[in-house]
Amino acid sequence: MRIDILTLFPEIALAPLGESIIRRAQDAGLVEIRAHNIRDWSTDKHKRTDDTPCGGGQGMLMMPGPIFAAIEELRTPESKVILMTPQGGVFKQATAQALSEETHLILLCGHYEGVDHRVIEALVDIELSIGDYVLTNGAIAAAVVTDAIVRLLPGALGDERSHQEESFSDPGLLEAPAYTRPIDFRGMKVPEVLTSGHHAKIAAWKKEKALERTRVNRPDLLS
Ligand code: ADE
């Protein structure tokens, strides 16, 4: 898989992707991640990439020219072009799963008040938001989306089971609480069932606790 991130801040997009599991996935050749500065496609002598909105309104918008030039240079017939924007559909685990099956993603990061709408109409396949809040910078959202996708690539996680059992995989519950040693920490004990060795009882306990946690923290997942 290849992921190209188009942003005004390539270092912000790449910083969280340079270590641990995502670093190893790149080193193992499972994914090639590149971040490009949209400014490099500006033909303006000041390398401008933004302008004021037509018809008035607050702030600045990203101009179509540099974005069209960048995407036209990077895309192939297989590419999926994704715009990171709070106006997008919300990114979920199922979205990550579907996108992990693509061969080439171009993640376009919105900055300022957004991008000229002709970019969306002509070039963008999917508009994605990472949640109902506004970031200063779409590069942060692109790093989040890249991380969630790359960890799903076959071979990225050592233990394949670890992402089949986790939250938001079927059946859509949060995970049960987890404990490690010591069994007694400052008088707080690990629930006895977890050290019983009784697999069926442990599974039942985990299911019950997962439901309880979901009911408290994310009742929307149950309705
Ligand atoms: N850019 C700014 N806020 C964002 C969000 N919530 N999701 C994706 N891109 C963004």
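Cβ atoms are placed via backbone N, Cα and C, with glycine included.
Listed features, source TrEMBL:
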DOMAIN    1-222  domain 'tRNA methyltransferase TRMD/TRM10-type'
BINDING   Gly110, Ile130, Gly131, Asp132, Tyr133, Val134, Leu135  S-adenosyl-L-methionine binding site
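Cβ neighbour count within 10 Å across all protein chains ranks Gly110 highest among the binding-site residues Gly110, Gly131.
Annotation for the binding-site residues Ile130, Leu135: lowest Cβ count within 10 Å of the residue's own Cβ, Leu135. Taking a C-beta cut-off of under 8 Å and a sequence gap of six or more, Asp132 (S-adenosyl-L-methionine binding site) has these contacts in its own chain: Pro86, Val90. Tyr133 (S-adenosyl-L-methionine binding site) is surrounded by 7 other CB atoms, counting those within 10 A of its CB over all protein chains shown. Of all residue pairs in Gly110, Ile130, Gly131, Asp132, Tyr133, Val134, Leu135, the annotated binders of S-adenosyl-L-methionine, the farthest apart have Cα atoms separated by 15 Å. Counting every protein chain shown, the Cβ of Val134 (S-adenosyl-L-methionine binding site) has 8 other Cβ atoms within 10 Å.
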